[in-house]
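Residues or ranges marked as S-adenosyl-L-methionine binding site in TrEMBL: Leu9, Asp89, Gly92, Ser117, Val118, Leu168, Leu226, His251. The annotation domain 'Tetrapyrrole methylase' is assigned in TrEMBL to 1-241.
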Amino acid sequence: MLYIVGLGLGDERDITVRGLDAVRGCSKVYMEAYTSLLSLGLDPAALANLEKLYGKEITVADREMVEERVDQVLLEAADTDVAFLVVGDPFGATTHTDLVVRAKKMGVQVKVIHNASVMNAIGVCGLQLYRYGETISIPFFTEEWRPDSFYEKIQNNSRLGLHTLCLLDIRVKEPTWESLARGKKVYEPPRFMTVNTAISQLLEVEEARGGSAYGRDTLCIGVARLGSDDQKIVAGPMEKLLDVDFGPPLHCLIIVGETHPLEEEMLEFYKM
């Protein structure tokens with residue numbers, strides 16, 4: 001059996017009782033660590049906390065392993081119980097849907113244990129979940145690559161009066177382009193996009209596109225470390241949020257659409 005277990009958003013204690021029972025009963029435990037991270041990060045002390053509570057040694061599954069060597073995990077799951085731990089909910093990223101499809105094609109049984117994710121916990125900011133449009137992802141811009149395909153999605157949401165949840169890029173164990181060209185991988189240091197960087201990039205795209213999907217005065221909500229004891233939520237115009245220190249990762253951003261009176265009451269608690 002392959003158990004895909006959601007860990008929630010905060011720390012090692014956010015796992016569900018069902019999830020913990022499954023993990024403790026497995027012979028091998030992997031933790032996916034490139035679509036998201038727990039607030040405690042990936043340093044040895046943080047992993048030790050997880051291993052102590054779960055009572056199992058944990059193997060960190062980075063991007064290369066998940067995308068290139070995941071069949072090894074599935075072969076193990078064909079013979080014994082294997083847990084694959086995912087921050088948030090197991091189906092918060094398409095990577096994990098692909099894992100389920102591969103497992104089923106190989107005849108491996110799969111059991112999914114759900115948990116909280118950014119997609120529902122973001123309700124804490126006061127905006128009603130059914131008033132969100134399509135969620136977008138914002139990648140880090142580089143000198144050579146400045147993708148803006150998310151712009152039309154924001155524009156469509158705005159026309160419908162819907163809020164836009166922006167998930168911000170994280171880069172963990174990413175090889176540099178130069179090292180790939182030389183055939184010997186050298187990895188970039190970990191990078192986590194901040195609300196400030198996301199807004200800066202969004203304003204650059206709006207200036208280039210000129211479609212009035214949003215502007216410097218558009219109301220937004222910056223969120224940091226959602227689900228943790230020290231989570232930070234600040235609402236204000238895009239331009240003013242540029243100067244807010246949101247602290248350590250992970251961050252996300254909401255571009256606010258048309259608001260209901262109850263939403264406006266909640267937003268008052270978070271406004272600058």
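For all residues, glycine too, the Cβ spot is worked out from N, Cα and C.
Over the domain 'Tetrapyrrole methylase' (1-241), the average per-residue pLDDT in this prediction is 90. Largest CA to CA distance in the S-adenosyl-L-methionine binding set (Leu9, Asp89, Gly92, Ser117, Val118, Leu168, Leu226, His251): 17 Å, whole number.
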